[in-house]
Amino acid sequence: MRLKNVIALLLSFCFTVGILAGCGGNQGDSQQEDQGHQAQKTGTDKKAILVVSFGTSYNDTRKACIESVENKIKDTFQDYEIKRAFTSEIIIKKLKERDNLVIDNPDQALQKLKDEGFTQIVVQPLHIIPGVEYDEVRAVVAKYENEFDNIVLGRPILYSKGGEDIPDDYTIAVEAFKQQLPELTDDTAVVLMGHGTHHPANAAYVCLQSVLDDMGLAVYVGTVEGYPSLDNVKKRLKNNQIKNVILMPYMLVAGDHAQNDMAGDEEDSWKTQLKEDGYVVDVYLHGLGENPAYQDIYVQHVQDAIAAGESH
């Protein structure tokens, strides 16, 4: 009898342990499954904003004009990771060799985001017009359109003149520019240096001039590599009997063009040419990226891109 009781107790114990072990195994599988779902959810929620600019090799200018915009975007969209890319391979190479600073181009940056498991991407260019470089960024974005759950491209500063439910980028840009515009006497004008291009988007500078004229501002737009040229600007200065000129770059950064082509002491700089023509010339060496109102424009363009992506 005693032996039978002992055997019965042992069988009961083993049965109980087996049940507990089985329950424990199921619970472990359940936890692993939950963790897998959580990891999948976290991966789905990985979002990034890739901020793309031409770039600059001037360290102080990069901080003042590019990082300032990136930081404003970062502060506004805190559930996104902010990444950087430059389009200029020359600047990328120079920074690597000189400062050991590694910056990706847009293609490299998007590939890294894909490899790191990001699925929601906003690419926001810091370009002024939708010219050659914007087209190149658009092509890279198109290349990755099937690599992410969602990838959208924001617009540059000057894109649309507006319409029904479409923002008037030009008027918004001029209103933002007013924040860095000093009070002007009747014989004083501001001359803006834009980059210019042979791309059809160069027409943006002419449209910008029209909006400035409509607002009654003594601000004249010229470009380094397009139309209007400095000679076109000189004609307007003469016709309006201007004596004092304030030179300003209409570029994201006050980089090489601003510091040399615009404000340099060489005989072919805009400053030197205007002085030789008898004008009193002052120089404003600050890029648009330093203007908080332009930072806000880029933030709004990111928001518009996100909204457009959500509507599809």
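FYI, residue positions are counted from 1 along the chain as it appears here.
The backbone N, Cα and C atoms fix where each Cβ goes, and this holds for glycine too.
Applying an 8 A CB threshold to same-chain residues 6+ apart, the list for His195 (active site, proton acceptor) reads Ile128, Thr223, Val224, Glu225, Gly226, Met251, His257. DSSP assigns His195 (active site, proton acceptor) to coil, not to a helix or a strand. The feature active site, proton acceptor is assigned by TrEMBL to His195.
The feature Co(2+) binding site is assigned by TrEMBL to His195, Glu225, His257.
Annotated signal peptide per TrEMBL: 1-21, in sequence order.
Using the Cβ center of His195, Glu225, His257 for Co(2+), the list of other same-chain residues with Cβ within 8 Å runs, in sequence order, Met193, Gly194, Gly196, Thr197, Thr223, Val224, Gly226, Met251, Asp261. For the binding-site residues listed here (Glu225, His257), the lowest count of other CB atoms within 10 A around the CB belongs to Glu225.
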